[in-house]
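These notes are about the structure you will find just below.
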Amino acid sequence: MIILNSIQDMQKYILQEKTEGNSVGFVPTMGYLHEGHLSLMERAKNEADIVVVSIFVNPLQFGPNEDFDRYPRDFERDKKLAEEAGADVLFYPDTKEMYPDKPVVTVSVNRRTDALCGKSRTGHFDGVATVLTKLFHIVSPDKAFFGLKDAQQVAVVRGLVDDFNFPVEIIGCETKRESDGLAMSSRNVYLSEEERKEAHHLYQSLQKAQSWLSNCDSGETEEKMIKYLEEHTAGTVEYCKVLSYPELLPPVKDDKKLIIALSVRFSKARLIDNVIIDNILEKQGSEEEKCSVI
Ligand code: PAF
């Protein structure tokens, strides 16, 4: 595996690979790699000739009161893991390389951001879309791989690629989970021992919500999820939502896919999780089976 720090070297390398007819699979990350990232690299390895992984903690996607400074970083560990997972190139630019100056132009996301994380993380998805615009130009991938734990990010990235006609296929990959169901995340290291023990209830609530949705409407299902999480965790529920996917609007019977998504804030970690399901609202139960929220 080779490590490249400069944009120019990265572009030169890719040009050479493309000239030789090799396809490029790309896994953009902010480092502190876990099994979820490694599974994206394995998938990329199967679907492209060369795999490029980027590690860049992008300041543009963190709000002033968010965890940019304390975001976990461990380059030596990441380097070893990426190499073992079969990455061919690790692109590891510093902030000066990516943003030598305050950007003249940034990308502004107009839809799919009024709900879920976009609602409270003002400017977050503008920062994600801006850095990915740069990274897609630098790496010129044929395919780019993203974890569906960040399903709103995948919805925004698909919009970015469609609207700006990037010649890249976006592949959303299933969320990797710990054995108790907790979605893998670089931020799980922030959980205290007690919080880690109860964190599996996040996924439990998503599974329960799927069965509640067969008799309850989306609002009632959201209320039941909040109640369940408040009873089973010490975290503060930021949102529990049932929405259309990928538009992230209040669901209607014609929607093909729904997302059930949640965010819970623990003492030092804000965790998110979701499931994406076929729309089951039209198959809801009869009057007799109606949902009871209390
Ligand atoms: O999902 C992430 O790690 C980041 O949002 C990404 C896609 C690497 C952009 O900085």
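In case you wondered, yes, glycine gets a Cβ from its N, Cα and C as well.
According to TrEMBL, the features are:
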- His37: active site, proton donor (ACT_SITE)
- 30-37, 147-150, 184-187: ATP binding site (BINDING)
- Gln61, Gln153: (R)-pantoate binding site (BINDING)
- Gln61: beta-alanine binding site (BINDING)
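Annotated features, which come from TrEMBL, shown on the structure.
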| residue | record | DSSP (3 states) |
| --- | --- | --- |
| Met30 | ATP binding site | coil |
| Gly36 | ATP binding site | helix |
| Gln61 | (R)-pantoate binding site | helix |
| Gly147 | ATP binding site | strand |
| Gln153 | (R)-pantoate binding site | helix |
| Met184 | ATP binding site | coil |
Length of the line joining the Cα atoms of Met184 (ATP binding site) and His37 (active site, proton donor), in Å: 9
Ser186 (ATP binding site) versus recorded positions His37, Gln61, Gln153 - nearest by Cα: His37
Close-lying binding-site residues around ligand 1 among Met30, Tyr32, His34, Gly36, Gly147, where CB distance stays under 6 Å: Met30
Nearest-integer angstrom distance between the alpha carbons (Cα) of Gly147 (ATP binding site) and Gln61 ((R)-pantoate binding site): 17
Inter-residue C-alpha distance, His34 (ATP binding site) and Gln153 ((R)-pantoate binding site) (nearest angstrom): 18
